[in-house]
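First the structure, in the form of structure tokens, and then the observations on it.
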């Protein structure tokens, strides 16, 4: 039996590219640096050569720096301020959401969840965290890479723990993020593949956003036949 | 030799013959280094380089009596008692030996440059050809055989001396007393305690700053934070996130409640 399912357009193509370039470079950056973090990953240096991986880390770093700059300037130029306002907003609905949300982690459905906007309270915290980590990575990374002779050694030595701390938090956050996308809400994962999400999912998880789209008449839907 | 040793550079005695630089190159088989172009200066190299592990740095100053001074400072690894380079090395490729020598193990070095960033004296240099960190090793191999390091061995002016640590301290004290008697009231021994003391000790006729030495040099705290806090925390956070997620997935699977988002209509009440 096949049925028709309604999908809502959620993400622009450019944003999807931005997300995946960021994700892939992050993990490759993480891997190319791991041998400096734990000897368990020393085999990577032995297999590819320390210098090769260190050079790759620099090249990937440049991509990691440019990617959000290009993405923000080109695809999201009109929405930068909306995004910043959204991310910095935090109200009592967000608190309620964060209190009730953990039950979803083990597949429960918390009752009385407040309506969420385009991003829910947790997603907005993740965006803010990622933005801060990006800044931390870039400042500490560039200082370590190019700072010799320009920036005081005292500051430079602090960049090593800062860079590592960003990696600590970034990796833990990434694991949580992947679990939420694949394990908890696979429907949201669709949004990062073709930019659409099921209408039912959107109404369930981002009702405020769907309401506002409907009110403004901006709701774009796609019908798909699934078996 | 298990005894703790030290080297002394007596700036008041150095004549800048630079035989020490040559002896160092000979013993370590280091090639001539033409990285500093000749522009009329007496100082041979601008800084230490991957193939120049010791350098006679020349400084000029006019003292308070209006007397012009041209000083020669032997620059090299200080062989700290609490070496930041060794602490900061992710591969544990830098060892502090019983003699006091701080030595890079080329086999283990991966050329990451953390020692370069952490050294309070800006000493280690990465050799771009071999991609290994390089610096003075205090001729640890000679010391083990009971022989004086090549630079000190060759010094004709007795500006460089090498002996057991206490002996060097004593010589340094005597020399400072002599210099004070000769009209250098600021004469001092440069042996910064912020880095756990050094095994390359200097006798200076004037205050350390005059020669570009920082009396406050210290092993950065940041490297302890990195090694003892951030790195273990990262392993904990990474492993914790993985284990946590697997645990959550297991609980989710066992309790077996599938979400019903697949419905056409979803759950209207939310």
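Quick reminder: no glycine exception, Cβ is built from N, Cα and C everywhere.
Annotations in TrEMBL come from automatic prediction, not curation.
Binding of [4Fe-4S] cluster 2 is attributed by TrEMBL to B:136, B:139, B:151, and the same site annotation extends, among B:14, B:17, B:24, to B:24. The [4Fe-4S] cluster 3 site recorded in TrEMBL comprises B:77, B:80, B:85 together with one of B:20, B:119, B:155, namely B:119.
Long-range Cβ contacts of the domain '4Fe-4S ferredoxin-type' (B:66-99) within its own chain (Cβ-Cβ under 8 Å, at least 6 residues beyond either end) map to 1-5, 7, 9, 11, 14-16, 20, 48, 53-60, 105-110, 112, 114-115, 117-121, 123-124, 133, 135-138, 140, 143-144, 151, 159-160, 195-200, 202, 206, 210-212, 219-220, 223-224, 226-227. The subset of binding-site residues B:20, B:85, B:112, B:151 lying near chain A, with Cβ atoms under 8 Å apart, consists of B:112.
Same-chain residues with CB within 8 A of the center of the B:77, B:80, B:85, B:119 CB atoms, the [4Fe-4S] cluster 3 site residues themselves not counted, are B:78, B:79, B:83, B:84, B:86, B:102, B:115, B:120, B:121, B:123, B:124, B:135, B:195. Neighbour counts were taken as the number of other C-beta atoms within 10 angstroms of each residue's C-beta; across the binding-site residues B:17, B:119, B:151, the minimum falls on B:17. Across the domain '4Fe-4S ferredoxin-type' (B:66-99), DSSP assigns 5 helix, 12 strand, 17 coil. Here the candidates are the binding-site residues B:80, B:109, B:112, B:151, and by Cα distance the one nearest residue B:20 ([4Fe-4S] cluster 1 binding site) turns out to be B:151. Residue counts for the domain '4Fe-4S ferredoxin-type' (B:100-129) under DSSP, helix first, then strand, then coil, are 5 helix, 6 strand, 19 coil.
Around residue B:85 ([4Fe-4S] cluster 3 binding site), the same-chain residues at least 6 positions away in sequence with a Cβ under 8 Å from its Cβ are B:94, B:102, B:114, B:115, B:118, B:119, B:123, B:124, B:133, B:135.
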